[in-house]
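So that you can see what the record holds, here are the features copied from Swiss-Prot:
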- ASP168: active site, proton acceptor (ACT_SITE)
- GLY27, ARG90, CYS91, GLY120, ASP121, GLY122, SER123: ATP binding site (BINDING)
- ASP121: Mg(2+) binding site (BINDING)
- SER166, ILE167, ASP168, ARG203, MET210, GLY211, ARG212, GLU266, ARG294, HIS300, VAL301, GLN302, ARG303: substrate binding site (BINDING)
- ARG479, 537-541, ARG575, 582-584, ASP638, ARG664, 670-673, ARG745: beta-D-fructose 2,6-bisphosphate binding site (BINDING)
- 1-394: region 'N-terminal catalytic PFK domain 1' (REGION)
- 395-409: region 'Interdomain linker' (REGION)
- 410-781: region 'C-terminal regulatory PFK domain 2' (REGION)
Amino acid sequence: MATWMEGKYVARGQFTGECIAVLTSGGDAQGMNAAVRAVVRMGIYCGCRVFFIREGYQGLVDGGQNIQEASWADVSGILQLGGTKIGSARCMDFRERYGRLKAAENLVKNQITNLVVIGGDGSLTGANLFRAEWSSLLEELVTSNKISAESAKQFHRLNIVGLVGSIDNDFCGTDMTIGADSALHRIIEATDAISTTAHSHQRCFILEVMGRHCGYLALVASMACEADWVFIPEMPPTDDWREKLCHKLRMNREHGQRVNIIMVAEGAIDRACKPITCEIVKNLIVSELQLDTRITVLGHVQRGGSPSAFDRILGSRMGAEAVLALMDADRDPNLPSCVISLDGNQAVRVPLVKCVDRTRQVAEAMKACDFDHAVELRGTSFMNNLATYIKLSKIEQPRQSVMSSENNLRIGIVNVGAPACGINAVIRGFTRLGITKGYKVIGIHEGFSGLVKGDASEIQWADVRGWVGMGGSMLGTRRDTPNGLGIDKVAAKFKELKLSGLLIIGGFEAYECMIELVEGREKYPELCIPMAMVPATISNNVPGTDFSLGCDTALNEITSVLDKIKQSALGTKRRVFVVETMGGYCGYLATMSALAGGADAAYIFEEPFTIDDLREDVVHLRAKIDDNVKRGLVLRADMLINTITSEFIHQLYAQEGQGIFDCRCNVLGHMQQGDRPSPFDRSLGTKFASKAIDWLDEQINANIVQILQSIHQTFMLYINWYCTSSDNLFKYSLELREHTDFVHRLPKEEWWLSLRPLMRIMAKHDSLYESESIMAGTDRK
């Protein structure tokens with residue numbers, strides 16, 4: 001299970017009298033508004049005065065009306081908006097000392113010594129320099145009679161915390177920057193749309209994506225849309241790339257592919273550090289292959305639109321932690337300025353100086369054409385993505401004679417449980433990598449019930465073309481388990497199909513199937529083959545993993561609907577919505593969508609509540625709407641106490657809110673499973689497939705004799721991966737049983753429960769918040 005460091009509890013009004021300012025600088029990024037909102041509301045919750053600095057560093061230099069005190073209501077209704085409410089600008093004045101001198105004067109005059117800077121590497125580098133010069137700036141201001149000596153003494157220390165807001169994801173020290181996930185959404189939305197017209201005309205499309213000198217967006221987008229080729233700065237192609245590119249496109253066309261997609265990062269270069277542009281690639285393809293080729297430059301579309309659920313939650317978490325980091329620094333002068341970063345799934349504080357220095361080293365390595373070192377400096381998350389892409393880019397459809405050889409070992413793949421977006425990405429990646437390794441991949445249709453009926457067939461290379469972007473399960477899925485169907489029948493089919501390994505994709509039912517198959521090995525030797533499982537369920541209730549495939553897509557679907565529901569209340573005003581989400585007994589979807597959607601409450605099984613709690617929330621909403629807030633939003637997970645249904649909550653709110661607000665109820669239902677997978681689910685599914693086939697191949701090769709002779713042997717059985725940035729780790733299924741609540745189909749420990757107080761605080765409730773961040777080094781990325 002995930003291990004979390006304990007932080008400090010923070011109560012309302014704990015830091016009364018402190019002043020905090022927040023600014024957004026440089027290029028805007030979706031999710032900045034979520035961070036600004038969290039800084040303001042957590043600051044006010046802690047008793048601080050919070051100030052907006054409008055127009056970034058330019059507003060800090062100009063002062064005056066650009067520095068304004070913020071209220072709770074000032075950040076209401078901005079969570080779902082792209083860009084930044086307080087404006088951003090690239091400020092040349094701040095690059096010079098005279099500009100920083102004016103900025104220091106304006107901060108002192110407003111009695112501000114705590115600053116949250118939200119921006120990219122340039123903005124945070126400027127913040128680092130500003131803090132380093134603070135003492136000398138104050139001395140100069142005293143000498144020129146701009147401030148008094150008493151003021152200089154009173155405000156002698158400047159505390160700065162950075163939040164990385166950048167779609168490029170190019171800042172060292174954090175796995176994800178605010179805005180990168182939303183930018184991926186825009187890229188994939190555009191690519192999916194382009195693919196349909198490209199298919200009609202058999203065209204090749206070359207897409208230029210942003211990212212400056214970082215290839216993250218192009219790299220992940222290429223995996224998420226089955227691109228034929230990608231050009232990124234960190235991995236310049238070999239000198240013969242023209243021949244290889246043309247060969248790959250030619251082969252794909254010969255095998256029936258009607259569409260070719262090529263991703264080009266705007267900073268793409270060759271081994272001689274010369275730019276590779278879309279025009280160069282287009283001219284090559286047209287001259288050598290005579291393909292109808294078009295260029296699409298996505299441009300600032302990637303910065304726009306509503307933030308993804310991930311960026312809203314990330315911005316909220318980082319903004320809240322930034323306030324607490326500032327308060328800690330104010331009480332301990334030895335603490336360095338830090339950046340609130342994401343390490344795997346945990347917020348950490350990384351020294352700002354080290355982050356800036358490491359980011360500078362990346363630029364130097366790229367300039368020196370030391371690409372391997374640049375990739376290493378980018379961090380483990382980037383390296384894992386790159387390794388997966390390289391593995392997939394090297395494979396091509398084998399000759400038919402190799403694919404049809406009778407000597408090929410057979411690996412089965414089956415789906416169990418409800419459909420979830422991302423499943424098809426696993427099947428595609430697993431199938432093609434398996435075929436390349438010499439296996440026959442046997443697709444078992446309609447779960448284990450299909451297996452018992454003999455509904456299984458070999459999956460061919462071309463069968464899975466285009467599957468990464470498809471929702472649901474193309475193989476079909478059922479909830480039946482081996483014991484329910486008769487494990488003797490399942491074992492007989494294993495023997496009949498001559499399976500040497502098995503991959504199960506699914507949710508809690510798949511987890512139960514794995515355990516039943518392990519327990520059946522003692523009686524049925526046919527089950528003694530390596531098996532692995534990929535967690536895939538929107539409920540995110542599989543023990544041993546932080547994220548299951550499909551839950552990110554579901555979160556985005558729910559968040560999008562919540563935005564529309566809240567929008568409807570703007571016209572009617574004074575309305576509270578009760579919304580029921582899926583998830584079974586697991587409250588993940590209800591809690592995280594409440595945080596991403598700005599809900600006032602979320603009722604879940606894991607956190608018991610009573611009628612009195614409901615009444616308190618009604619009182620809270622009455623006061624909120626009396627205070628000129630137009631709407632309220634309450635979420636409920638679908639499996640709670642039987643008597644407290646969504647309709648009961650709706651009637652209670654409607655009755656208690658009479659004269660103040662009216663109430664409506666919405667049950668979202670199966671639309672939460674989504675249409676097309678999110679970029680996260682597509683890329684995660686592809687990486688899961690790569691890890692699964694590698695492990696199964698290793699186990700099969702290590703035990704090849706025993707498998708062929710059907711010797712009774714219990715191989716080590718792994719269940720799934722705890723998804724971190726540093727690696728994808730396997731877990732033993734039987735070890736996980738003690739961490740499982742089988743009655744309610746839940747893990748006994750759930751990491752996201754620690755975020756519930758933050759959700760309540762953002763909605764103006766009293767709640768005891770626990771800081772989740774710890775101090776860490778840049779080597780975590």
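From the backbone N, Cα and C atoms, a Cβ is placed for every residue, glycine too.
Shown are the binding-site residues ARG90, ARG212, ARG294, ARG303, HIS670; of these, the residue with the fewest other Cβ atoms within 10 Å is HIS670. Note on the region 'Interdomain linker' (395-409): its mean pLDDT in the predicted model is 63.
Spread of the substrate binding residues is 32 Å (greatest Cα-Cα distance among SER166, ILE167, ASP168, ARG203, MET210, GLY211, ARG212, GLU266, ARG294, HIS300, VAL301, GLN302, ARG303).
With respect to their backbone Cα atoms, GLY122 (ATP binding site) and SER166 (substrate binding site) stand 10 Å from each other. For ASP121 (ATP binding site), the same-chain residues 6+ apart in sequence whose C-beta sits under 8 angstroms from its C-beta are VAL164, SER166, ASP170, PHE171, VAL356, THR359. Report note: the ATP site is defined by GLY27, ARG90, CYS91, GLY120, ASP121, GLY122, SER123, and the residues of the same chain whose CB lies within 8 Å of the CB centroid of those residues, excluding them, are SER25, GLY26, GLY119, GLY126. Take the binding-site residues ARG479, ARG575: by the count of other Cβ atoms within 10 Å of each Cβ, the lowest one is ARG479. Within 10 Å of ARG212 (substrate binding site), as judged by C-alpha distances, the recorded positions found are ASP168; the full candidate list was GLY120, ASP168, ARG479, GLY584.
Over all protein chains present, the Cβ of SER539 (beta-D-fructose 2,6-bisphosphate binding site) has 29 other Cβ atoms lying within 10 Å. Our reading of the ATP binding annotation (GLY27, ARG90, CYS91, GLY120, ASP121, GLY122, SER123) yields a largest Cα to Cα distance of 14 angstrom.
Comparing the binding-site residues GLY120, GLY584 on other C-beta atoms within 10 angstroms of each C-beta gives the minimum for GLY584. For GLY27 (ATP binding site), the nearest neighbour among the binding-site residues ARG294, ARG303, ARG479, SER539, judged by Cα separation, is ARG303.
Geometry remark: SER123 (ATP binding site) versus the residue listed as 'active site, proton acceptor', CA distance 14 Å. Cα to Cα, ARG294 (substrate binding site) and the residue listed as 'active site, proton acceptor' are separated by 24 Å. ARG575 (beta-D-fructose 2,6-bisphosphate binding site) sits 39 Å from GLY120 (ATP binding site), taking the C-alpha atoms as the reference points. Of the listed binding-site residues GLY27, GLY122, the Cβ environment within 10 Å is emptiest of other Cβ atoms at GLY122. Sequence-distant neighbours of GLN673 (beta-D-fructose 2,6-bisphosphate binding site): residues of the same chain at least 6 apart with a C-beta under 8 Å from its C-beta are ALA418, PRO419, ALA420, CYS421, GLY471, GLY472, ILE538, GLY550, THR553, ALA554, GLU557.
In the three-state DSSP scheme, SER123 (ATP binding site) falls into the helix class.
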